[in-house]
């Protein structure tokens with residue numbers, strides 16, 4: 001009990017010294033809990049949305065193989081009007097309504113601006129039914145009546161500043177359709193972002209399906225006392241079991257949620273991964289804090305041992321303090337996590353996603369996970385320092401414990417670190433030599449982990465040499481003697497410097513490796529584009545919408561273009577001679593595509609693949625299934641016939657564009673598909689006459705102005721877009737890594753602050769013999785800078801190795817240009833020096849303010 | 001009130017003023033009102049140049065405070081302090097730091113050295129901080145005086161306590177400061193190392209004409225000095241020239257007795273001041289300045305001599 005009391009008192013006596021460790025725990029736990037709360041809240045929101053929008057029983061068209069990509073293969077599948085009347089007759093059905101809805105639309109306002117969501121949520125066009133009144137309330141105007149009226153949801157109206165009477169143009173597969181806003185309807189549950197327009201049923205059928213008398217689904221409402229399951233059974237019985245897909249409200253909601261949930265899970269685990277990195281970095285901070293506290297308390301611990309405390313008791317007393325730190329940090333972290341989640345929701349709100357804090361979901365596991373994680377990690381981090389405390393000899397009480405000068409890094413550490421690093425290096429090398437991606441990634445993963453561990457272990461040993469080199473280059477020119485003092489201080493406890501730098505290393509290594517991969521990606525793709533793309537222009541939508549037939553016709557008719565190529569993705573089930581079959585996507589294009597994208601073949605002739613009933617396959621596929629030129633594959637076109645196509649060419653895979661694509665002529669696809677199952681084009685390519693490119697480009701842009709969902713890009717634009725995309729992705733990841741880097745910077749602050757306290761006497765002495773405040777502050781700043789630069793050097797070096805290894809591995813997938821982004825690397829290195837300066841601000845200020853006499857008198 | 005003031009211009013060697021540092025009506029008080037504690041009570045003191053001065057007194061007498069104030073380490077409540085001719089009271093931290101760096105040397109009881117620097121680097125540290133090149137010849141002289149040639153590249157942790165203090169002395173000497181202040185410089189040393197150390201200090205005064213002020217409570221250490229100042233309750237109560245350990249001890253004992261409440265103070269005859277004015281080092285002896293002006297009600301105003309003052313102090317010390 002006394003031991004516990006002593007721990008408690010120690011903890012609160014040194015709460016200032018614990019503060020930054022606590023912040024590290026708080027941040028990491030907050031990030032974990034924030035992620036959990038945020039994703040849980042998103043799930044709740046979608047659950048409620050799907051639950052409220054699903055009918056008691058939904059009848060929908062049966063899905064066929066390869067139809068997973070929704071309506072991309074042409075128009076939506078439908079159920080006939082006859083099914084609707086049958087459903088109405090079913091036992092227990094109070095009512096049934098035909099639903100018409102499609103996400104294959106783009107809606108633009110009078111200025112040809114897309115009114116859809118900017119966050120990737122779909123635009124949905126549907127018929128307004130009585131069932132909709134349950135979830136939406138018309139808050140102004142009236143429901144759409146007749147062919148000239150459209151109703152829009154209130155969130156979209158507000159975001160796009162739409163008023164009654166405004167004109168909206170709906171661009172659907174069947175063509176363009178203009179109507180005026182007759183009403184605005186408000187969701188009664190939270191709609192995270194989909195833009196919704198409603199027509200009356202006949203108009204919806206005409207606009208979205210191209211014909212009346214059919215629906216995309218039937219919503220059946222149960223009579224009082226009839227369960228959904230029973231109703232489903234009855235409806236199934238009256239419509240025929242195999243004809244359609246039947247779902248109860250719960251099943252429909254669940255299946256919608258599954259799709260969304262998968263997406264949310266990806267986000268959740270990615271965010272948790274970053275939180276994990278921050279937590280790992282926090283470990284170093286906590287290790288350092290406890291090591292320093294134990295070192296400062298050596299005499300006190302010696303006394304405890306001298307009066308009879310056992311090793312275990314000393315050990316436990318330190319761990320008790322860690323436990324307190326963990327508990328307090330985690331509790332605060334859980335609270336902060338909820339706040340973070342709310343902040344994230346607000347942020348998403350700014351980005352155009354509606355989330356309501358009233359749906360904030362905190363399940364009991366969230367605080368439990370947060371607490372467990374925070375406490376366990378803190379205890380884990382404090383374990384080694386606690387053991388070291390236990391080993392303090394009772395004699396330490398008697399010894400005069402001044403500031404230790406140098407702590408030598410051990411030989412065991414050097415050997416172990418070198419072994420780990422070498423092992424990791426070998427694994428990385430193996431990854432570059434791997435011929436199979438899966439095996440290579442395994443090596444890469446092992447290499448990354450081993451080299452990181454190795455450098456963490458060996459870091460203190462390297463500190464000696466590297467810090468000296470760094471300070472010769474950076475400190476001495478600026479610092480003179482003060483710089484040398486700073487260098488010596490940074491070197492006096494390599495273990496501490498190593499741990500502080502390692503924390504920074506982890507974050508920066510990830511930054512460096514990703515920037516290497518990112519810029520290699522851009523460089524490879526650029527090279528690939530230069531090498532293989534012959535088309536002058538590429539037309540594509542930014543939101544995954546296919547190119548509508550009307551636009552396709554427009555492009556084909558464009559006078560400025562010499563050749564125009566359509567590119568369609570056709571779903572099919574392919575059976576290879578080895579007897580295996582699988583769902584594949586064929587790239588059905590015009591033969592001119594061969595000029596638009598030059599592909600090298602391994603065998604055969606690509607031109608022959610455009611012959612009647614011929615195709616090409618990629619070399620990986622050919623190898624896997626033992627397909628050779630001349631073989632015939634059984635291709636079952638989704639929604640069409642099964643045909644035998646001859647493999648006329650096997651394409652090489654060393655490319656990042658169209659990897660593994662199976663080409664065939666659009667004509668071949670048309671031959672085996674009914675007209676209404678021929679998918680719209682996913683992309684189109686065009687080439688102008690030589691010398692007329694600029695004029696053609698301008699003409700095309702003008703042509704496509706009414707269709708804001710499509711972008712026409714020339715090669716330069718395309719490269720830029722690619723670069724932007726990679727850049728955006730990297731920025732997002734850097735943003736998430738910032739948390740780990742912030743924790744690492746706190747670690748630098750922590751180390752400096754604690755060592756300033758530890759060196760009180762020395763600082764007093766130096767001040768007494770004439771070190772000016774300014775010089776003292778500079779000394780601490782320079783020490784901070786050199787630690788930060790040391791961490792940056794390790795991190796950037798390691799990261800570049802990781803990045804290069806990853807690129808070598810990804811070369812298998814067409815990432816064959818290694819480009820080190822030196823400006824980024826240089827900026828990060830310089831930025832680290834800045835970070836070092838910032839980290840030293842407070843410790844340096846405090847050291848400067850230290851009273852010289854008190855410092856000398858400190859016992 | 002007693003003083004230890006010399007005539008600043010009556011001696012000295014050439015350019016350097018005979019008084020290396022002085023305090024006038026120096027008051028150092030902590031707290032205010034009821035809790036006010038006066039550490040130094042209107043002290044007047046002159047530190048003669050080229051002399052080895054020891055400041056003695058029981059703990060709490062204010063001897064360290066006096067040294068800190070003289071050295072520009074501590075601020076004063078009232079009064080003025082001069083280093084050489086320059087008044088340092090009222091100087092800002094920047095100027096004070098520069099003063100300490102360029103004109104004053106320090107030797108502390110412990111923690112004198114930076115553990116990260118070797119002996120030589122520690123010795124040249126004040127000059128490095130100032131960005132000055134050490135005078136090679138002088139440095140050589142200092143190092144051979146303290147006998148550290150073999151150990152220059154050792155870190156403090158590889159040196160014995162005595163060696164460490166020798167490095168500290170060398171550091172203090174190397175920059176050729178006007179005054180070196182030592183705060184119990186032998187406090188952490190065994191008697192042999194202490195004696196050795198004091199020998200170095202003595203030699204640096206005799207051979208290098210260094211001015212040294214040392215705070216100590218060890219009569220043996222004080223005996224190395226040219227002059228011993230006695231402090232009690234924040235006042236200088238006596239001084240002694242050319243002390244011997246026995247004389248110092250004797251005086252200390254008397255002082256202790258006299259400050260012991262209820263003890264009758266014997267007249268202090270034997271411990272009178274040595275004839276300092278005759279030692280040719282420019283100290284004219286001690287003038288007792290009557291310090292009554294504006295002083296408190298304790299009636300110590302009228303002491304005509306140090307001895308009287310001492311006795312009177314003793315009597316006063318007996319007050320409740």
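Placed from the backbone N, Cα and C atoms, the Cβ positions cover glycine too.
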Inset, instruction - Choose the correct range: of A:299-321, A:322-344, A:529-551, which one does TrEMBL annotate as transmembrane segment? Give that range. - result: A:322-344
Legend entry - Range among A:442-467, A:468-493, A:572-597 that TrEMBL annotates as transmembrane segment: A:442-467
Inset, instruction - With TrEMBL as the source, identify the stretch among A:226-248, A:364-386, A:617-639, A:640-662 annotated transmembrane segment. - result: A:364-386
Legend entry - Candidate ranges A:202-224, A:501-523, A:685-707 [criterion: TrEMBL lists as transmembrane segment]: A:501-523
Legend entry - Positions whose Cβ lies under 8 angstroms from the transmembrane segment (A:782-805), at least six residues beyond its ends: 425, 428-429, 431-432, 444, 447-448, 451-452, 455, 459, 462-463, 466-467, 470-471, 474-475, 478-479, 482-483, 486-487, 489-490, 497, 500-517, 520, 744, 748, 751-752, 818, 820, 825, 828-829, 832-833, 835-837, 839-840, 843-844
Inset, instruction - Take a look at A:269-295, A:364-386, A:407-430, A:442-467 and tell me which one has the most Cβ pairs under 8 Å to the transmembrane segment (A:732-757). - result: A:269-295
Inset, instruction - Any chance you could find the range in A:407-430, A:442-467, A:501-523 with the most Cβ pairs under 8 Å to the transmembrane segment (A:825-845)? - result: A:501-523
Inset, instruction - Using a Cβ cut-off of under 8 Å, list the residues of the same chain at least 6 residues beyond the transmembrane segment (A:407-430) that approach it. - result: 440, 443-444, 446-461, 463-464, 492-496, 498, 801-802, 805
Legend entry - Overall pLDDT for the domain 'MacB-like periplasmic core' (A:497-700), taken as the rounded mean: 89
